[in-house]
Every structure is written in structure tokens, then in C-alpha cells.
Amino acid sequence: MPYRRSRWILLALFPLVLVAFWPGYFGVMRTASFAFHAHGLAATAWLVLVAVQLWSIHARRVRLHRAAGLLTFVVVPLFAAGSLLAMRDNALLSAAKADPFHAAFGMRLDLVDLVAVTTLVTLVAVALRHRRRVGLHAGAMVATVLLALPPVLARLLTGPLIGLGGLSFVSAFSTSFHMAQLCAAALALLLARGESRAPMLAVAAMHIGSQLLFETLGRTAAWEAALMTLAAVPPLPLGLVGLVLAVAALGFGWARGGRGRAFLVRPSRPSPQL
């Protein structure tokens, strides 16, 4: 089975997530908005779910693996809905220039987040469609974890760049953002072997493309206007849009995969054993 050691690497990611998002979320959970709770908790639940799926299939707990797989239809739509709500809150904070971070980066990061959540839903739909091809299925699922690396690394690197590099906050975060995206893209390229090649190459391209969007479209008045239009939508219908679109995408992927027992797979080319 591919990615035999990835569950341990994924578990090591959780403390980094806690440290990276402590100032902006975990440390202020009592005062955080519902949107940030929905986004943060659903994102954490997704990482836990992927870890459980990796462990269960390698431990030959096939029933647990399938049960965890069904939770995909709950966690991913909730994450999509929470992401749109968090984007809405970010847009409002950015428009109000509530703090230096949102004033400088809020709207640009919303564009990056929109691309990331779309990519995640697409990858999970691909994993569901190809659930009988172990290499491709596992590669698509593990590729979703790489989407979490840039937000974590960017926040962890910003402080040292300010303290040791003497950069301003704006310069430090911008630099750390690009460094984090490049690191995630490089890791995806490293894992782009065998049946995992397609999803990993897609994620690498997404990380590179996100840097370009961050510096180009994300700075434009057209994107700001589009984002403020989204922010004008009330939270409930906006969340429902994300929920319905994600359910539709996952349902399409599942239906296209056909019937029969999952994980009775065709012979596949070797995939990374990470």
C-alpha cells in the first residue's frame, strides 16, 4: 500500500497547525466568529479523517476505512461551507482595515483560499471516483494534505523573518507566503510518481498558480468588487451554496466510480511509499 509512513508525518503536522494558528484562532476561540469556527474545525476534522483513513487501510481495518470514507460526505461539504463563510468575514475585515494583516493581505488570501478549497473538493471527488485504484485514490487524498502546508508554514516563518531578517510585517509575511507555496509545490513534485503523479502535479501547479494570483488578480479592483459582492450575501445562503456544490461534486465522483467493492483494485504502478 502506498504512503505507509504518511500517517505519522500527518500526525506530526497537528502540533505545527496548533502553533501556527494559535494567535489567529486556537488562542482566541472564545471570541472567534462562527465562520472561523466552521472553517477551522472542519479543516482540522479533515486532517484527522485523512490520518484515520491512512492508518485504517494500512492496518487492514477495511470496515473502519470505509466508514471514515463515508464521513467525507459530511466533513468536506462542511469545510467548503465554512471556507466561504471565512472568506466573507475576511473580506469584511479587509474592507474595514481592521488590522494590518487583513488590510494588506485579506482579499488576496481570499483568492488563494478559493482556489485551494476548489482544489480540495476536486481532489476528493477524484479519489472517490477512482476508489478502486489504490495509487491514484491514495495520491489524491494525500495531495489534499499538501494544501494545508502553505498557511501553516507561512505563519511559522513570518516571525523569524521579522526577528532575524529585520523585515517589516508586510514584507515578512509576503516572503513567507511565497516560500511556503514553493515548499509545498516542491514536496508535491517529489511525490509525483506512479499513479500519484496526476494529483500531485495538479497540486504543485495550484501552488505555483496561487503565487501568481496572489500578486496579480488578488490586487485588482475587479477581484475586490467580486469579493465584496460575495460578502454582501447573508451567511446562511452563502454557506448552503458551498455545502450543495461540494455534495454535488462528491456525489458525481462517487457515481462515476461505479458499483462494487472498493479497494478490490486493478494492478497499479508503484507509488511513493512516504
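Cβ atoms here come from the backbone N, Cα and C positions, even for glycine.
A quick note: this is a predicted structure, and the numbers were derived from the prediction, not measured.
Quick look at what TrEMBL lists:
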type: TRANSMEM; residues: 7-28; note: transmembrane segment
type: TRANSMEM; residues: 34-55; note: transmembrane segment
type: TRANSMEM; residues: 67-87; note: transmembrane segment
type: TRANSMEM; residues: 107-128; note: transmembrane segment
type: TRANSMEM; residues: 135-157; note: transmembrane segment
type: TRANSMEM; residues: 169-191; note: transmembrane segment
type: TRANSMEM; residues: 198-214; note: transmembrane segment
type: TRANSMEM; residues: 234-255; note: transmembrane segment
Key: Criterion met for the transmembrane segment (198-214) and the transmembrane segment (135-157) (at least three Cβ pairs under 8 Å)   = yes
Within-chain partners of the transmembrane segment (34-55) [C-beta distance under 8 Å, separation at least 6 from its ends] = 3, 6-7, 10-11, 13-14, 17, 21, 25-26, 61, 64-65, 68-69, 71-72, 75-76, 78-79, 81-83, 85-86, 88-89, 120, 138, 141-142, 144-145, 148, 235, 239
Task = Taking the transmembrane segment (67-87) as the first stretch and the transmembrane segment (234-255) as the second, find out whether 3 or more Cβ pairs fall under 8 Å, excluding pairs closer than 6 in sequence.
result = yes
Inquiry  = Can you see whether the transmembrane segment (169-191) and the transmembrane segment (135-157) are touching - at least 3 CB pairs under 8 angstroms, only pairs 6 or more apart in sequence?
reply    = yes
Inquiry  = Let me check one thing: do the transmembrane segment (234-255) and the transmembrane segment (107-128) come into contact, meaning three or more Cβ pairs under 8 Å with sequence separation of at least 6?
reply    = yes
Remark   = Sequence-distant residues near the transmembrane segment (135-157) by C-beta distance (under 8 Å, 6 or more away from its ends) are 1-3, 6, 10, 13, 16-17, 19-21, 23-24, 43, 46-47, 50, 53-54, 116, 119-120, 123-124, 126-127, 172-173, 175-177, 179-181, 183-184, 187-188, 191, 194-200, 202-203, 206-207, 210, 268-271
Task = Please give the sequence-distant neighbours of the transmembrane segment (7-28): residues at least 6 beyond its ends with Cβ less than 8 Å from one of its Cβ atoms.
result = 36, 40, 44, 47, 50-51, 54-55, 58, 145, 148, 151-153, 155-156, 274
